[in-house]
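Here is the structure we will look at.
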């Protein structure tokens, strides 16, 4: 699958226009307070571009997974349809107002906001309430998504998408609105995601290594299958490594293993060999008898895990080997941790991979891409995120791209000629 470049907000005429921007403000909120505003700050360049060029912004986002009302439901006597206190975007309106240094209007019902939209003047900002307060946003029926999209599209003139994290979902705000308006532009965040993934999938600087970890082979089958035709090296870590180890006849103690995936692991290793992809698996391990932290976990001397022990991180010799592989590459894509990095005693492998990628990027011009989710969290925790070429904002979306799938929320945007 090739990823086609899309027209960006720089190609759109926004002066005197009302610009509908699908952002990703799905931020953690505790007791009405935002605990991490990274996603809000990430959307600022796109919003500021519209304001600077003399347009106004209508911001749309989801937050959490509220149940959602139907558009046909009667309006309650008090409040709005579908409202859930835990998922309101009202705290986000206050935070974005602080960050932009200007008042941000808030429409308490995203499907009853025409009066708010009509009052917008150039350089004004309006945030609509959580689009998932309506079930039609993520309905499996296209006609239901389209009905909601038509209402939202009527508020504005231009559609911009900056929500890569939900690009793998067909929804009223991701695919419905650009369909109604006949065009869609990528915001700066979305553009960066598309540009980096298109480079790594279509024309990466070589050699290219894929570092794949996490718990289950079954979660990464399609990714491995798709990437084997594109990469030069494959580095495997995390619990999934032990299904491969067992498939090769190694002793894995009581480490996690998907017994029903042993044949699949063998066939993936065979396919790698046929495609001249060199595969690296752990040669030593950090183990414990139970799945819990230990002051001094056992470090094995060999590739075999002793009976009664489970491997919970890669060992020092494996770390050295993986650092060396990353060091000889020009591009690296990382999806999934090397161990149970949430426990400090099993975080060395994951953090070492992050450091090798960060150092390679800063010193040797490595193109480093972190595929969202746990890997992005690990890169942040290790302090290396700032040193990477690109840390993806979408776990599910980046995984589907690496699996060779088309993302509906990207495909719908207008192609760059």
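All residue numbers here begin at 1 and follow the chain in the order shown.
Cβ atoms are placed via backbone N, Cα and C, with glycine included.
Record check: Swiss-Prot places 215, 219 at the Mg(2+) site, and the matching candidate among 73, 109, 374 is 374. Within 90, 95, 132, 250, the residue that Swiss-Prot lists together with 23, 24, 25, 26, 39, 61, 62, 64, 65, 168, 169, 216 for binding (2R)-3-phosphoglycerate is 132.
Among the candidates 247, 311, 356, the residue that Swiss-Prot annotates alongside 214, 215, 220, 238, 335, 341, 342, 374, 375 as binding ADP is 311. Distance from the CA of residue 62 ((2R)-3-phosphoglycerate binding site) to the CA of residue 220 (ADP binding site) is 27 Å. Overall, the recorded CDP-binding residues 214, 219, 238, 336, 341 cover a maximum inter-Cα distance of 19 Å. Checked against residue 39 ((2R)-3-phosphoglycerate binding site) by C-alpha proximity, the binding-site residues 239, 341, 342, 374 yield 374 as the nearest. Proximity to residue 238 (CDP binding site), judged by a C-alpha distance within 10 Å, picks out 214, 215, 311 from the binding-site residues 65, 214, 215, 311, 375. Sequence-distant neighbours of residue 168 ((2R)-3-phosphoglycerate binding site) (same chain, 6+ residues apart, CB-CB distance under 8 A): 394, 396, 397, 400, 405, 407, 408, 409. DSSP assigns residue 39 ((2R)-3-phosphoglycerate binding site) to a helical segment in the three-state reduction. The Cβ neighbour count for residue 220 (ADP binding site), using a 10 Å radius and every protein chain shown, is 24.
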